[in-house]
């Protein structure tokens, strides 16, 4: 009986204890492999994310390492601005979505813009220096004439141009009723007023204004008869057309003379 119990006990112990060991081994191996699987999956996810941020399967720009901006954009060094803009827009559309390609294209385009700006600036400086040199080398009478000329602000030019253009239009509108004597008088008074503001001398302003009116009237009386008659309205008299030339002289004298 005891032997049977011993045998049964050994059987019981073997049936419960022996199988439990491999189960523990299997579980431990599974639990030990799980972190490595998670790490590998996360690594693949990060790798895919990085690839997608830098373009992934998007075509890449093949000239990213080309130093010359003209060669990088595929244009000639003598290309115009329109051609450079067209090349830049075409390349950005072709390689859109790839960050490094877009940065390379934009970098080359910005270099060309800066070089164009510097070249224009140098051209303007050289032009000013050449003009200044020519003025210094000009004869004395030309220097004295240039001393009487100045360049006012653009808003002043436009305001006075509008005033004398209005006087000319008013004279044309009233050409059927009478001559432009009143409009000419108003224009002369405005010219003298503007010159007096500038020179602070009423006598000098009157002298320049009357001289401009006489010069304009004289030039108009010489130029107008040379114009073919089919270009002139029948109601436009010689006096009216001469006054229009005089308005131009009055505008120039009160705007650019000092």
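Note that Cβ sites are derived from N, Cα and C of the backbone, with glycine treated the same way.
When the residues 49, 64, 199 are compared with Swiss-Prot, the one annotated as N-acetylthreonine is 49. Here the transmembrane segment (207-227) has Cβ contacts under 8 Å with residues 184, 188, 191-192, 195, 199, 238, 241-250, 252-254, 257 of the same chain, all six or more residues outside its ends.
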